[in-house]
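Here is the structure we will look at.
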Amino acid sequence: MAYFLQFLSLFLIALALLISPACSLTCTSQIFTIKNTRFTNCNDLPALKAYLHWTYDPTAKPDPTLSIAFIAPPPKPDGWVAWALNPTGSGMVGSQSLVAFRESNGSMVVKTYNISSYGSIAESKILYNVLNKRAEYSDGMMRIFATLAVPGNAVDVNQVWQVGGTMKDGVPENHDFSPENLSSKGTLELASKGEHQNGNSTVSGRERANDSGESELELYGVFILFVISVLGF
C-alpha cells in the first residue's frame, strides 16, 4: 500500500506540472452565438470575472485593426459593462471606452465615451475609429463586440475594463470602488501575442490550447503506463 501511495503521489505531482496556463484558460471554451466568430487570442482577465477575446491585424489598411469581444457579468441585469483603451495612462481618466447596456426598449447597445475626468460622463466620439460595434446579453453575461482602427505600430496598449449596476436616464452611473473594481486594468500586448502563425494559417488561442491539451494527454498516458508497469497491474 505504501508503494502504491508513493507512486500515486508522484503521479499527481506530475499531473499538476503538466497542466499548462493555456489549458486552464476559461475563455478557450467560450462559444459565440454568431457562427464563425473567431479570435486569435483570449485572456481570462484578472478582475471582475471578465474575459477578452482579440485579434490584432497589423496589415490592415489604412490602419492596423484590433477586433475584440469583451465579456463580463454586470452586477445587475440592468447594469453596464465597459472596455477601453487608454493611450495616455493606465487608469480610467483618458480611457477611450466602449460601454454596453440595455436600453429602455430592452435592446442591447454599445456607446462610446471619452473619459476625461472622474465626474459625470456623456456619450462622445473617441480617439480610435470604431469600425463596427454591437452588444449581446445572455446567461447573466454582457458581451461587447467591436473593431477599432489602431494607428501606428503599437507594441502594447493600456486596457481598462469595468462594470456597474445602475443606469440613470440612459447614462451609466458610478461603479463600485471595491479592490476588484480598482484593479481592473492592465497591458494588452499586440506585437508579441497578437498573432501566432503556423505555416500560412493563423492559429487561434482555442486551437493552441487544444494542441497543447492533446500533447499533455499523450504525456499523461505515457506516465500512467509507466505506473502500471512498475506496480505490475
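For all residues, glycine too, the Cβ spot is worked out from N, Cα and C.
Values in this document were obtained by computation on a predicted structure and should not be read as measured data.
Under the heading signal peptide, TrEMBL lists 1-24. The feature domain 'DOMON' is assigned by TrEMBL to 48-164. Here TrEMBL flags 191-210 as region 'Disordered'.
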Summarise the domain 'DOMON' (48-164) as counts of helix, strand and coil residues per DSSP.
0 helix, 64 strand, 53 coil
Mean of the pLDDT scores, which run from 0 to 100, over the domain 'DOMON' (48-164):
93
